[in-house]
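Asks: My questions will all concern the structure given below.
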C-alpha cells in the first residue's frame, strides 16, 4: 500500500512517448496542401515505475508553433544597432481525450493488482471482494494513501510495474510543414504528455515531431526541364538548362551550358555557379524582411583550356612582336560545358521551398556568371539565373538538428542587441549550429547506402570536361540521382532484356551450383566501377578512354580480361573473388568478361541497347572506392551506440516467414485421403461379383452393408468388388450354374446383399414372400446332406449360397439353359426372360 510520508516519491524510471511506423519521428506528407491525403499518427505513452505513485490525470496534446526573430535597425548615439524582437504564433493544436485513459485506469487492477494492495475503510469489505460489476460501474478511482477511497480525492494509484497508454489521431494533409533550417525563423511540432500528481510537481514529457512535406510522384516539377535561351548581340548565343526543376536536398543536378560564339577571337573564361536561397518573413507588424545566403557554389576555372592558351601566347610574346594573330587552335562553332552541382545534405545549411501562411516564404535559384575573354583583352561577364525548387525526398538521407539544439536555438529568439556592420546580411550569428550536433533522417531508405557511395565533386573543384571518363561519370551520377526522385518511365519497358538472353550460345552449360553463384557475381560486378580516382596512378585501375566496350565484341572481352582479373575485385554481397589464375579462355571467364564489359558501358541520358537490363529506376552503379570506405569490415563489426541502434535499421529485402521444420514434417506426413462415394445405382453387375471361396470379400460386403444407413456421408469403395471375368466364374462353377452376390445400395433397404441364381426371379425388396422362404428352408436341409463343405472357414452366408445353388440345380436339371452354359448370348437371353417373367 502506498503510504503518504514527508519524503518525495521516486521519479519514474521511464516516461517517454514512442511513435509507431515513423522513421526518426518524421511524419511524411505527400503532395501539396490542397491535394495531400491525411496521415495516421499513432504511438504509446510508456511509463515504468518502481513504487506506487498517485496521479490525477494523464493528458496528451500535439501543438505546432511558428517563431520568428525579427531584426530592427535602430539609430543611436553610438551608431546603428540591430534589435531582435520575438514573434510567436500557434498554428496547430490537437488534444487527446482523457476518457480512454480513465477507462484504462479502471481495468488496471484487474490485470496488475493481484491482491497485493488492500484498502482499509469504515466497512470491512475489501475492494478485491466486491463484485466485478460494481467496480466497473463505480466512477471512483482505486486507492487512497490515507486509507480512504479516492472518490472525493479524484486521483489514481498506480502500483509498481510497466504501463503503456496507446493513442492515435488522423492528421490532415493540409498541415503546415516543419521549417528548421532557416536562421531567425522556425516552425516546430511537439507532443507533450503531462502526468498531474497531487501535492507534487507534474511530470512532463516532450517528443519532437517533424512534419515533412515531399512532392507527389506525379508532380510536374520532377520531370520539367528548366532552361534559359538568350543572346548577347554581336557576341554570343547561349542556352543554360537543368534536367529537372525539382532537386532533392542531398542530391546533385547536372548543369548544361551551350554557348555559340559570334565574335571572332572570343574565348571562354572561368564559369562560376552558385545556388542562392532567398527567404522572406514578417511578423504581425512591420515590413517584410529579406535575407539571402549561399547554399552551394562551384567554380570552373578553365573549362575549355582557353585561359591556358592565352597564357601560352603571352609567354611567347607572339602577338606583341609580330602584331598578327597566330592562333593555331581549332575553330569551335559551339562551346559545351557540363558541370555537376551538389546540394548539401543538411537542413542547417539550406531549407526546402515552402510558404508558411503569410509569415514565411522560401525560394531558390541557380545563378551563373560566365566570363568571356574578348580579343582586345578585356573580360565580359554573362549573368543568368534559373529558378529551382528544393524539396526533401524520403529516398535521400538528410542531416537535421537534434531536438536539444532546436530548443536551445529557439531560446535565443527574443530581445537582444547587436552592432551592425557594412557586411551584415541580416543573419544572426548566434543561430549557427555546429555540424557535430546533427542527426540523420531517412537513413533507413534502401538508397541511403547507394547515395553515400556516389562519387561526388567537392564544391569549388574544377571539372575537366575534356576527360571522357569525368564527363561520363558526371552524367551517370546525375541520371542515377534523378531516377531516385522520378517514378519509372513505363514506356521504356520495350527495352527490357529477358534474363535468359544474357548468356551466349557458344558457351557450354555449367553446373547448377555454379550458375547460382555466377548469377550473383554478375549482378555484383555490374555495380562496380573499374575506374578509381584515388588510384589513377595504377596502370591497371587507371581509366583508359581508348578502350571501347561492346556487348557483341568477343575480342574486347579477351583483351579486357587481364585488367579485370588482375584487379581482384572484391564482391560486396558474395565471397567470390576474380583471381589472376583464372583462365580467360574458359567459358566461365568469357561469360564473366562479357557481363563485366556490358555493365561498364558509360550510361547516357538516352537509353541504348548496349547496357539495357531489368534493373529498376532505383538501382544505380556504385564506385569501388566509396564502397571500400563505407563497407569496411571494422566499421560493420563496430557495435553502435544505443541511440544509433534505435534510430538505424538494417537495409535489406523483406523475406517470407520461416516456419519450423518440425511442423512442416508433421504436415507432410499427414496425407489427406480422398474417398470416392459409392455409386447408388450400378449399371453393371460385373464389378460386384466376388471371387468364390474368398472370405475377405464376404467380410467387406458385410462392412459395406453396415454403412448404408449413413445417407449423407460418402461411402468407401469396396476393394474386394473388383471386376471378375465370366470365364473365371465359369471355371469356378463346375455345374454350369453361376452364383452371383449383388450388392444394391438403396435408401429404402438397410441390406446390401441379394443371393439368387440366374434361372430364378429375384426379389429386390427387403421383404421376401413366405413362400420363397419356405422353399429355401426345404432345399437347405436336403442339399446339406448331399454336398459336403469344401473348407471349414466358410461363413454361414457362403454355406447358404452353396446350399441354395444346389437346390436350384436339383430342381432345374432338365432346363434348356444347361446346354449353353458358357455362352454369353445364352446368359443375356436368360436375364431377359427372367425380367419379363
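Glycine is no exception: its Cβ is also placed from the backbone N, Cα and C atoms.
Bear in mind that the values here come from a model prediction, so they are computed numbers and not experimental data.
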Asks: By the record in Swiss-Prot, which of 141, 241, 483 is the one labelled phosphoserine?
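Replies: The residue tagged phosphoserine by Swiss-Prot is 141.
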Asks: To which residue among 120, 536, 588, 711 does Swiss-Prot attach the annotation phosphoserine?
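Replies: The phosphoserine feature in Swiss-Prot corresponds to 536.
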Asks: So one of 207, 299, 401 should carry the feature ubiquitin cross-link according to Swiss-Prot; which one?
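Replies: Looking at Swiss-Prot, the ubiquitin cross-link feature maps to 401.
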Asks: Quick check on the annotations: Swiss-Prot lists motif 'PY-motif' for one of 648-651, 652-655, 656-659. Which range is it?
Replies: 656-659
Asks: Test of record reading: of 85, 720, 796, which one does Swiss-Prot tag as phosphoserine?
Replies: 720
Asks: With respect to Swiss-Prot, which of the residues 93, 124, 436 bears the note phosphoserine?
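Replies: Candidates were 93, 124, 436; Swiss-Prot attaches phosphoserine to 436.
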Asks: Which of the listed positions, 48, 138, 452, 743, does Swiss-Prot note as phosphoserine?
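Replies: When Swiss-Prot is consulted, phosphoserine appears for 138.
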Asks: Just to be sure I understand the packing, how many Cβ atoms besides its own are within 10 Å of the Cβ of residue 401 (ubiquitin cross-link)?
Replies: 21
Asks: For the motif 'PY-motif' (656-659), report the average pLDDT of the model, please.
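Replies: Averaging the confidence scores along the motif 'PY-motif' (656-659) gives 60.
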